Amino acid sequence: MAFVTRPFIRSLSSSAALHAAIKHVTVIGGGLMGAGIAQVAASTGHSVVLVDTSEDILKKSAKGIEASLKRVVKKKFAEKPEDGEAFLQKVLKNISTNSDAVSVVQGTDLVVEAIVENLKVKQDLFGALDKVAPEHTIFASNTSSLPIADIASSTARLDRFGGLHFFNPVPMMKLVEVIKTPGTSQQTFDALFEFSKALGKHPVSCKDTPGFIVNRLLVPYMLEAVRLHERGHGSKEDIDVAMKLGAGYPMGPFELLDYVGLDTSKFIIDGWHEKDPDNPLFAPSPLLNKLVAEGKLGKKTGEGFYKHK
């Protein structure tokens, strides 16, 4: 061992740490996705810190998590309410909140980011955390559309950076897309894949391409439905009914657009169009742009393609 170099020893220790089970998770972003990820991780025995710069958002997230867990308990422990209460308290003890990400990540195994879909904001966040997080800590983004490699470029841990794309609502949706960039090590990818399984999810392997798997197929499908409607080839109501009854989809494309948020879909397609302007699947929609400009973003604003009470 006298001839083994210090970098090699550090590599061995880092490798061993990556192979160790992820126990402490830091989730950054107290919105619906971040809160959902925190809830699922805590429910499966992980120690979780939910981080947001807004104390008000953290309080709202904590209330939302508790309410969601109570619904789970009511259904899962219907005949054993005492066991349900014990489960609820155990999970809640696994979750804490904090507004200082820098202090939290110094003792974490995994950082999952679920903040605004803005590349620079994500890069700035990870760039700052990279300076203080332990060597073994894995970074992951929950982005639905931005290239993971671009986000990771602000750090010096490209081999310990990947994507974990959850779906809303996180406690209900079984799928997790695990994204491997050209720089992501196999050890990191395996750790993220096994972590997803530990959450009770069904992970699928994805390359770092636009939209990964689901959104790469789903967003162009929804936009093509809008173009079909724009051409006068079908009403939005008929298109929705046709896809539900003919293809077995639980929601039609216009219903889904309203549920996802028209601004979110526009943001995704605009980003792809900018990178690949000659791809007809990524062409912008005048109708979608008009509705977003009018503030009609879907269910969250009360009106999108449909009106919502």
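Residue numbers in this text run from 1 along the chain shown.
Even glycines carry a Cβ here, placed using N, Cα and C.
Taken from TrEMBL, the feature domain '3-hydroxyacyl-CoA dehydrogenase NAD binding' applies to 24-209. Look at TrEMBL and you will find GLY29, GLY30, GLY31, LEU32, MET33, GLY34, ASP52, GLU117, LYS122, SER144, ASN168, LYS300 tagged as NAD(+) binding site. The feature CoA binding site is assigned by TrEMBL to SER68, LYS75, SER144. As annotated by TrEMBL, site 'Important for catalytic activity' applies to HIS165. Annotated domain '3-hydroxyacyl-CoA dehydrogenase C-terminal' per TrEMBL: 211-307, in sequence order.
Here the binding residues for CoA are SER68, LYS75, SER144. Their largest Cα to Cα distance works out to 30 Å. Using Cα positions, the member of the recorded positions GLY31, ASP52, LYS122, HIS165 nearest to SER68 (CoA binding site) is identified as GLY31. A gap of 15 Å separates the Cα atoms of LYS122 (NAD(+) binding site) and HIS165 (site 'Important for catalytic activity'). Within 10 Å of SER144 (CoA binding site), as judged by C-alpha distances, the recorded positions found are HIS165; the full candidate list was GLY29, GLY31, MET33, ASP52, HIS165, ASN168. Regional average pLDDT for the domain '3-hydroxyacyl-CoA dehydrogenase C-terminal' (211-307) in the model is 96. If you draw a 10 Å sphere around the CB of GLY31 (NAD(+) binding site), it holds 16 other CB atoms from the protein chains shown.
Cβ neighbour count for SER68 (CoA binding site) (all protein chains, 10 Å cutoff from its Cβ): 19. Contacts of ASN168 (NAD(+) binding site) defined by a Cβ separation under 8 A and a same-chain sequence distance of 6+ are given as LEU32, MET33, GLY36, in order along the sequence.
With respect to Cβ neighbours within 10 Å, the recorded positions LYS75, LYS122, HIS165 differ, and LYS75 shows the lowest count. Other Cβ atoms within 10 Å of the Cβ of ASP52 (NAD(+) binding site), summed over all protein chains shown, number 24.
Looking only at the recorded positions GLY29, GLY31, ASP52, HIS165, the one with its C-alpha closest to LYS75 (CoA binding site) is GLY31.
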